[in-house]
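For reference, the structure is listed below as structure tokens.
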Amino acid sequence: MANKPRTRWVLPYKTKNVEDNYFLGQVLGQGQFGTTFLCTHKQTGQKLACKSIPKRKLLCQEDYDDVLREIQIMHHLSEYPNVVRIESAYEDTKNVHLVMELCEGGELFDRIVKRGHYSEREAAKLIKTIVGVVEACHSLGVVHRDLKPENFLFSSSDEDASLKSTDFGLSVFCTPGEAFSELVGSAYYVAPEVLHKHYGPECDVWSAGVILYILLCGFPPFWAESEIGIFRKILQGKLEFEINPWPSISESAKDLIKKMLESNPKKRLTAHQVLCHPWIVDDKVAPDKPLDCAVVSRLKKFSAMNKLKKMALRVIAERLSEEEIGGLKELFKMIDTDKSGTITFEELKDSMRRVGSELMESEIQELLRAADVDESGTIDYGEFLAATIHLNKLEREENLVAAFSFFDKDASGYITIEELQQAWKEFGINDSNLDEMIKDIDQDNDGQIDYGEFVAMMRKGNGTGGGIGRRTMRNSLNFGTTLPDESMNV
């Protein structure tokens with residue numbers, strides 16, 4: 001009878017079974033070498049992620065060593081806030097389990113796909129985090145070797161969630177001057193010296209430069225119909241800055257990209273030098289462009305509306321989907337620089353100045369006053385949405401019906417002055433001119449507003465107008481259609 005194969009172990013010590021301490025739940029993700037589960041600590045109820053690696057996929061001692069090194073590197077970097085924190089590791093006869101911090105916001109890659117590309121200020125913030133991770137790795141003697149948007153997770157679904165690095169499966173410890181020859185990484189992000197099989201930590205800066213390029217335009221700098229074609233483009237090192245949106249992107253941003261995607265690793269910026277580059281350091285050099293003339297135009301149109309129409313727009317804004325208001329939510333956060341939840345006069349003025357608006361302070365003050373329906377002195381999120389949603393939302397009948405029904409409290413088919421007084425009270429608004437407003441809308445002079453009169457009021461004076469920049473937010477980076485379906489590993 002043949003002897004059973006001896007069980008091999010990754011960890012140098014015996015552990016409990018992972019299920020002694022945790023309940024394993026739903027599958028969160030499936031990778032080439034393992035499956036990630038939601039797990040819950042049995043005593044504390046804390047929710048974490050558990051990456052389980054089947055030992056049957058570890059074919060030789062080198063594979064076992066690689067898993068151990070991944071665990072060691074995660075512990076080594078665990079104090080850095082933008083690295084996914086490992087809690088503990090477990091091993092049984094069939095699997096190795098890495099229990100780590102749960103990041104519920106999804107991959108950076110998915111957000112790029114959803115948004116198309118980022119503003120310069122947002123891209124600068126993200127790349128500062130990414131290169132900060134690179135600097136932390138290098139300062140601690142680690143080369144990541146597989147930096148890509150798929151390996152960065154957001155801590156939550158909030159737009160301002162922390163970005164954290166994960167998946168150190170290809171990472172290695174290194175000493176100063178040490179060179180590697182193993183061909184690893186992912187095709188779009190691999191540095192030329194990796195293709196030449198003689199490289200060091202500089203390869204991570206190249207990969208981060210590719211990510212920055214994608215953040216700003218939505219597509220990678222080097223791509224072709226085949227993996228070999230991609231490698232050929234990488235070795236040629238020619239960057240494309242002629243097509244949109246590059247003509248409108250600052251020279252400082254392009255300067256940084258050129259220095260990160262320098263083909264000679266000895267001339268390439270270090271991670272620390274990237275973090276000291278003016279585009280990263282100076283907000284004025286890496287400008288956000290949160291507003292354009294269309295926003296000013298919409299605020300002006302909003303200022304000319306009566307309060308019923310303003311309130312109806314707010315009701316409509318509150319029922320729109322996240323997809324529809326996603327761009328405006330971003331815009332609000334960009335303007336609300338102190339994250340107070342309201343936009344002050346100074347914040348509105350600063351935002352307009354950043355995009356070269358020449359409105360006088362008195363005009364900006366008037367726009368704020370018009371949007372500030374509850375007269376609090378600032379614009380809250382609901383007021384901002386109401387003032388800036390595209391007026392084509394008024395072409396959708398279901399939106400108008402919903403808004404009318406909000407004011408028609410008794411569902412009589414008419415809005416009365418008493419119902420308006422009740423609505424005004426709900427919104428915290430004082431207005432003694434309701435009689436005059438009803439007269440302006442009430443075409444048959446019966447003292448109340450029917451649905452037809454309400455629709456006429458809502459659609460009166462609405463131009464088609466331009467976009468607020470949401471077109472770019474909805475562009476899709478889809479490597480399966482726009483680009484070759486080749487986001488494979490090298």
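Note that Cβ sites are derived from N, Cα and C of the backbone, with glycine treated the same way.
Annotation comment: Swiss-Prot describes D146 as active site, proton acceptor. Cβ neighbours within 10 Å of D146 (active site, proton acceptor), excluding its own Cβ and spanning all shown chains: 22.
For the recorded site, Q32 (ATP binding site), the DSSP three-state label reads coil. Sequence annotations record features per position, and here Swiss-Prot assigns ATP binding site to L28, G29, Q30, G31, Q32, F33, G34, T35, T36, K51 based on sequence analysis.
Within its own chain, D338 (Ca(2+) 1 binding site) has E347 as residues 6 or more apart in sequence whose C-beta sits under 8 angstroms from its own. Taken from Swiss-Prot, the feature Ca(2+) 1 binding site applies to D336, D338, S340, T342, E347, supported by sequence analysis.
Summarising the annotation, Swiss-Prot assigns Ca(2+) 2 binding site to D372, D374, S376, T378, E383 and lists sequence analysis as the type of evidence. Contacts of D372 (Ca(2+) 2 binding site) defined by a Cβ separation under 8 A and a same-chain sequence distance of 6+ are given as T378, I379, E383, in order along the sequence.
The annotation Ca(2+) 3 binding site is assigned in Swiss-Prot to D408, D410, S412, Y414, E419. Other C-beta atoms found within 10 angstroms of the C-beta of D408 (Ca(2+) 3 binding site) number 20, with every protein chain shown included.
E453 (Ca(2+) 4 binding site): 19 other CB atoms within 10 A of its CB, across all protein chains. The Ca(2+) 4 binding site annotation in Swiss-Prot covers D442, D444, D446, Q448, E453, and the record cites sequence analysis as its basis.
Residues or ranges marked as domain 'EF-hand 2' by Swiss-Prot: 359-394. According to DSSP, the domain 'EF-hand 2' (359-394) comprises 23 helix, 2 strand, 11 coil.
Counting same-chain residues at least six beyond the ends of the domain 'EF-hand 3' (395-430), those with a Cβ under 8 angstroms from any Cβ of the stretch are 307-308, 311-316, 319, 373-375, 437-438, 447-451, 454-455, 458-459. Per Swiss-Prot, the feature domain 'EF-hand 3' maps to 395-430.
For S186, the entry in Swiss-Prot reads phosphoserine, with the evidence type similarity to another entry. For the recorded site, S186 (phosphoserine), the DSSP three-state label reads strand. For S186 (phosphoserine), other Cβ atoms within 10 Å of its Cβ number 20.
Sequence annotations record features per position, and here Swiss-Prot assigns region 'Autoinhibitory domain' to 286-316.
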Nearest-integer angstrom distance between the alpha carbons (Cα) of Y414 (Ca(2+) 3 binding site) and S340 (Ca(2+) 1 binding site): 38
Would you find the one among the binding-site residues D336, E383, D410, D442, D446 whose Cβ has the most company, meaning other Cβ atoms within 10 Å? E383
Of the recorded positions Q32, T36, D146, S376, Q448, which one has its Cα closest to the Cα of S412 (Ca(2+) 3 binding site)? Q448
Beyond the listed site residues D372, D374, S376, T378, E383, identify every same-chain residue whose Cβ lies within 8 Å of the center of their Cβ atoms for the Ca(2+) 2 site. T342, A371, V373, E375, G377, I379, D380
Let me spell it out: for each of the binding-site residues (L28, D374, S376, Y414), count the other Cβ atoms within 10 Å of that residue's Cβ, using every protein chain shown. Which one has the most? Y414
Students should find that the Cα atoms of L28 (ATP binding site) and D408 (Ca(2+) 3 binding site) sit apart, in Å rounded to an integer, by 45
Measuring Cα to Cα, how far is D446 (Ca(2+) 4 binding site) from E419 (Ca(2+) 3 binding site) in Å? 15
Pairwise Cα distance for S376 (Ca(2+) 2 binding site)/T342 (Ca(2+) 1 binding site) [Å, integer]: 10
